[in-house]
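Q: One structure, pasted below without further comment.
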Amino acid sequence: MSGQNSENFIKMHGTGNNFVIIDSCSANDLNWNYKKIANQNGCDQVIVITNSSLADCFMHIYNADGSKAEMCGNAARCVGYLLMSEKGTEYITIELVNKRILECFKVGDKSIKVNMGKPLLKWHKIPLSTECDTLHLPIELEMLKDPVAVNIGNPHIVFFVDSVNEIPLQSLGPKLENHALFPQKINISIAQVEKSGEIALRVWERGTGITASCGSAACAALVTSTLRGYLTVQQTSVNLPGGKLLIEWANNVFMTGDIGFL
């Protein structure tokens, strides 16, 4: 990765989810102004790659507001592609916070599959500030109500609606992200399960706002759709404004999608 450009950072996207990726393996330097970098480059997250004793690299994730995130599936696909290209392999591992390890597989020219791990559904694992039924959270805001909560390496709630385009996510997102039920704030998804069995999805990402794509949100959408009984299969396409992700749930959740350079 270190030879990609003179400034030692790369601009990439995973289905429209935009990143600045900084290779800091040689220095293990995390002393960057992440909010400034995000503002100057118009990216959703800033990703810093450092060395890991447990995996091929350690991936640090910073939101557009400078806050840290625990998981970013789309960024993992981008980093996975870079490392696999550098190493000449079709499999690498990425370490995240809490010693979580993501497995990445090359399945096409620029198509990467990521093992996102097991979804967590207990209220204290989301986490929530008080004990609740995570399949039916007691939240109602304008036309949104009765969301499902799940942790896919980071906390998510999913609302099911008849039309994702009718929801004013720009105004509702900040209120839901900062709801008192979520001590670590929350990622918000608006999901529409279509007759075809595919899912249309719009996302408000914690610390960033509306994004064109969010890999962990797509995983959350499939898991919660299945738990609610809206889907009878455990594999489907999730259609986001930035593109399509294939999500599979077989004990662990797997996400497959394309990457690109900006």
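Placement of Cβ uses the backbone N, Cα and C atoms for every residue, glycine included.
Pulled from Swiss-Prot, these are the listed features:
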BINDING   Asn17, Gln45, Asn63, Gly73, Asn74, Asn154, Asn187, Glu205, Arg206, Gly215, Ser216  substrate binding site
ACT_SITE  Cys72  active site, proton donor
ACT_SITE  Cys214  active site, proton acceptor
Q: Output the one of Asn17, Asn63 that, of all these binding-site residues, has the highest number of other Cβ atoms within 10 Å of its Cβ.
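A: The most densely surrounded of these binding-site residues is Asn17.
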Q: How many other Cβ atoms sit within 10 Å of the Cβ of Cys214 (active site, proton acceptor)?
A: 36
Q: Where among the binding-site residues Asn74, Asn187, Ser216 do you find the Cβ with the fewest other Cβ atoms within 10 Å?
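A: Fewest other Cβ atoms within 10 Å, among the binding-site residues Asn74, Asn187, Ser216, is found for Asn187.
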Q: Starting from each candidate's C-beta and looking 10 angstroms out, tell me which of the recorded positions Cys72, Arg206 has the most other C-beta atoms.
A: Cys72
Q: From the Cα of Cys214 (active site, proton acceptor) across to the Cα of Arg206 (substrate binding site), what is the distance in angstrom?
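A: Cys214 (active site, proton acceptor) has its Cα 11 Å from the Cα of Arg206 (substrate binding site).
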Q: For the residue listed as 'active site, proton donor' and Ser216 (substrate binding site), determine the Cα separation and express it in whole Å.
A: 7
